[in-house]
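One structure follows; several queries about it will come next.
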Amino acid sequence: MERKSTLSSPGSSLESVDHSQPQLLHRYLTRENVQHLHQLFDQRKQLLPDELRAELFVLTGVRFSDEEFETLFMKINTDRDNFCQWDELISYLILGFHNDDPLAVQESLDLPISLDMSVKLGRQTYPVIKIEYSPMVSYDGTVNWSQGFWATSTQEAVINFWKRDWKHEKTGKAFSVDLKRAKTWILDTAVLPDLNYFCVACLEHELRIYDIIGSGFTLKIIVNRIPNPINALKYHFSASTRSKLIMGDYKGVLRVVEFYPERKEPFKFDAASTVTRLSFRDLLNGSYPQMECVDYGRLLPDIVRQLQFVEPTYSFLACSENDPLAPSGSRKKLYTSVIIQHLTKLDKITKIKVPKGVTCFAYDHVKDFLVTGGPDGELRMWDIRRPENPVASLSGHNAGVVFMFLQDGSQKIYSMDTKKIVKIWDVLNRILIQTYSQFSTTLYKTVPACAYYNDLNRELVIGANKVLSAPCCPKIPLEVTDGESHTQPISVLLYNPLFKVLISCGLDSYIIVWDHTMNRKLTIITDAHTQVVNGLLEQVQITAACFDPKLQLLLTGARDGTLKVWNFNSGSCMSSMSIQEGCEVTAVFWEPTSILAMGWNHAVVEFPVGTTGMDFPRGIDWQKLHSDDILCASVTHSEPKAIATCSYTGEIVFWLMETGQPYQRFNAAKPQQKIPVNAMTTKIGKPKRRSRMSVFMPQEQLRQRRLTRIVMPVKAEQLRQLTIHELLFLESRPMHPEVGTLLSSLDTGVIQVYSHHVDGGFLGSFNAVHMAGDRVVSMTTDPYNKFLFTGSYLGYVKTWLLEASFNRAALKMQFPFLLDDIIPGRAKRSVANQPLPWLLNSYQAHRNCITALSYIPATKLLLSASSDHTIRIWSLAGRYIGLLGSPVKWATIDADVPIPKEYGFRIPPDLQREVSFTTAQVLRGGERAIKLKSRILQEASERRRTEAVETYGQPLEDPIIKPEVFPYGYRAGFVHDAKMDYSFRETPIFEHLSIQNLTKLKVVDSKRVVEKVEGLDFSNDGDRIDTYHERNI
């Protein structure tokens, strides 16, 4: 490809164009180029490939190679009619911009609240009105949010304190100490973590402060005679500023009380009384120097509902609803609902007016982004720099909104209404993501609910008659795992060599197109297969998939028997069909003239391809030869084309692809005996659901330490039925009776070898597992059938050599598994007496079952999919590269060049500790991280001895012979050899050297020496240069 000029679209955010990817047309074409192409298509309606290629060269200056343009045109030509139309071209450009959008490719697969809620506290005696978490503050001012306690308050003045794991710690009662007939009615509470105090605002016009150090709950101070009851409290503490307690009362009056953070005991009490009483007027007048109170007056029209302090702007926010008792004529008037007041600059205030007022809000000071919710159930988004009108509104709640918070840099809004229904919103797209209603079905409808968002654990806690919690987009613990690729087990993993992308399908009904070189999601198809059950739309698990012969379309099969054809680049469904209602599809194949699908219907169903290539008439059932469900199948495209199918009972049937006629039949329990090819005469009923998908579920924790063999009776062995889990054709091998071309894996861990020739049959078998209870579930090979890759139920990946001639030394350098060990591992011991095939590699790639394998020959990469929802990339030698969909990034992989040895390989976090020695050796590339105790003690001893020599070594001594005897120092011929001491880790060389004292050497006149050297005559052979040394200079 040659690049003549670099063009960028006007207003494009891309500063430079990637010259190595000519298929990204949206990065090359300008707006004028697109308009020119539009006019050209209006005139010609459609373009041939050569015409489009010439036009793109004229517009962009990009010279495509034949292979590059063929791939590009196949991506554009979705109709597959060898003509390019305008809608196809513009759709391809739009998809290119969509793939470049970083927010589009980072779309989360899970819903924000995907896990079930958990019950923290059961039914409470008194409903909870306030939940708050208090961190632990050290004496030096260090705040530790991972250690703290929970505090729950009730209106009946009962305060409960709980540990971080919600175990009860203590209970306090905020009753009045005066003899009053009326009981205390709490309006709001606040924890003062840095002072170890608890503040209570009650309906008795009082503010009570309690000491909560240790197990006590002691009343210390009472601020009484407050003009109006305080309804809202918000406490803020920081090491850089004074601690502040913001208060809002029933009339909309706001006040701020400041404390001195440098004093550990801000309250000085009277020695004659255990409780200090202070009137509110004395607090305002400054009679109590430990606290300073500032009254900002009535800034809001009604009861203050929520408060928040913003430290960067040194201001606070407050909101209130409109007065419901106001006259009807004044209700239409807009009152101030939200205020942003600076603490010191009283004239610096921002007012926001909302109809009916505001009950709650969420504010992001970094983006100046404010979201408000009120009794009308509508969410309004504001830019506080322009508070006149909201930026946007979100409607969806059927009741008043009482709580909300922001998440992920103000990208998501969580809002809860009075009916305890939580809704999650996408701020950028302004759409509803999820509606979560489990809280409303668990809590009492008549009891108001309070909420608290724990930013540390990303957890929403809701309290009423119970205390419940639900994780909200929980963070991935990178020290334990790299994340997940799907939300449920992965069933299909395919590599498309045309587009050089990876496609995965899972039981979550997701189809994801991956750019595995950069760990990016290119396309996400959600709810690919669905069905309506009891009026609800439910997802259907995807169990099989394949590409069309041109590698442009994707065919998927689901558990309900439906088949769908997808354009995986655009995510559009192009056709749909079904083999039988309720029959799981276990294998699909797309041939040039037909589509073959099979599953629990016991037969192969053929859908002929219509004239247009996208219409599929009614399916035709082949001859029924299986007595049970078909579990897997494989196709060979070497002439003559054949297909092999196997059932749950171990039956293997070979079919001719062209005619659909069976020509061989075997049983895995007795592979040497050929079974006559006869049609099934018994009527097959409706298929029943089996536990076939158990490989995708969490497996048992097998604890067998060594492989054991159970000897069964001969009669029982003959009656045993063996299930075949996977079939694989070796297509590069010739069709010959003595050449093995089909591999079948049994549930005993044995792989059988068959020849699909008419005169062929069972040729042999070999053991492919080394753990008791394990079995091979997935298999794949390279195009030349040199390597065989097997994935087992326990998560092990093995690489086998299928060639008889090989270079053993070269393979040992390539595979660390082949290095000699002092004690061979179980994988090597299991194949010690098994000559062929040769085991090249064995390591644990996943903790759970490996459901699919895919090998990329160009880069020599092996990709494994597991029931643990992950897709991992491995090198041919077994080194771990990364996990698709993980937030952990790795260096970009070249799509056409094998990965270099200097690549920064890692070890999966879940495999760093509990793995076998063989797996650890493979994951480390042959480097041994374990040292013997004797070797460690020897190195420590040498280190101590060497450090002593280096630190306290003897100084250099003068030579014994005086310098006057030999004025020119020692001659080289008389210097004795130094005896070095090599017992240390570092040899002290200077201790054994004899160094001449240069300070007493005779100083030579250099000018005189140069003159004498110039006068030397070397013309005679008798003259020697040594004569100079014999003269007296």
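Here the Cβ of each residue, glycine as well, is placed from N, Cα and C on the backbone.
Quick paste of what Swiss-Prot says about this protein:
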REPEAT    54-96  repeat 'WD 1'
REPEAT    132-172  repeat 'WD 2'
REPEAT    181-220  repeat 'WD 3'
REPEAT    353-392  repeat 'WD 4'
REPEAT    396-435  repeat 'WD 5'
REPEAT    485-524  repeat 'WD 6'
REPEAT    537-578  repeat 'WD 7'
REPEAT    625-667  repeat 'WD 8'
REPEAT    719-764  repeat 'WD 9'
REPEAT    771-810  repeat 'WD 10'
REPEAT    845-884  repeat 'WD 11'
What same-chain residues lie close to the repeat 'WD 10' (771-810): Cβ under 8 Å, and 6 or more beyond its ends?
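Sequence-remote neighbours of the repeat 'WD 10' (771-810) are 695, 699-700, 702, 704, 706-708, 725-726, 728, 730-733, 743, 745-749, 751, 826-827, 836-855, 857, 862, 864, 866, 874, 876, 878.
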What residues in the same chain, six or more past the boundaries of the repeat 'WD 7' (537-578), come closer than 8 Å to it by Cβ-Cβ distance?
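Long-range Cβ neighbours of the repeat 'WD 7' (537-578): 74-75, 78, 80, 91-92, 95, 488, 491-492, 494, 496-499, 503, 505-511, 513, 523-525, 527-531, 584-592, 595, 597, 599-601, 607, 614-616, 619, 693.
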Can you tell me which recorded stretch out of 132-172, 396-435, 485-524, 719-764 has the most Cβ pairs within less than 8 Å of the repeat 'WD 11' (845-884)?
485-524
Which residues of the same chain, at least 6 past either end of the repeat 'WD 6' (485-524), have a Cβ under 8 Å from a Cβ in it?
71, 74-75, 99, 105-107, 109-110, 114, 530, 539-547, 550-552, 554, 556, 558, 566, 568-571, 693, 696-697, 851-856, 858, 861, 863-871, 873, 882-886, 889-890, 892-895
Can you find at least 3 Cβ pairs under 8 Å between the repeat 'WD 3' (181-220) and the repeat 'WD 2' (132-172), where each pair is 6 or more residues apart in sequence?
yes
Any residues 6+ beyond the ends of the repeat 'WD 5' (396-435) with a Cβ under 8 Å from its own?
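Residues packing against the repeat 'WD 5' (396-435) from afar: 103, 111-113, 359-362, 364, 366-367, 369, 371, 373-379, 381, 443, 445, 448-451, 453, 458, 460, 462, 464, 470, 472-473.
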So which residues does the repeat 'WD 2' (132-172) touch in its own chain, when a touch means Cβ under 8 Å and the partner is 6 or more beyond its ends?
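For the repeat 'WD 2' (132-172), the list is 120-121, 124-126, 183-186, 189-191, 193-194, 198, 200, 202, 210, 212, 215, 217, 237, 239, 261, 264, 452, 454, 456, 463, 467.
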Reported in the order helix, strand, coil, what are the DSSP residue counts of the repeat 'WD 6' (485-524)?
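The breakdown for the repeat 'WD 6' (485-524) reads 0 helix, 23 strand, 17 coil.
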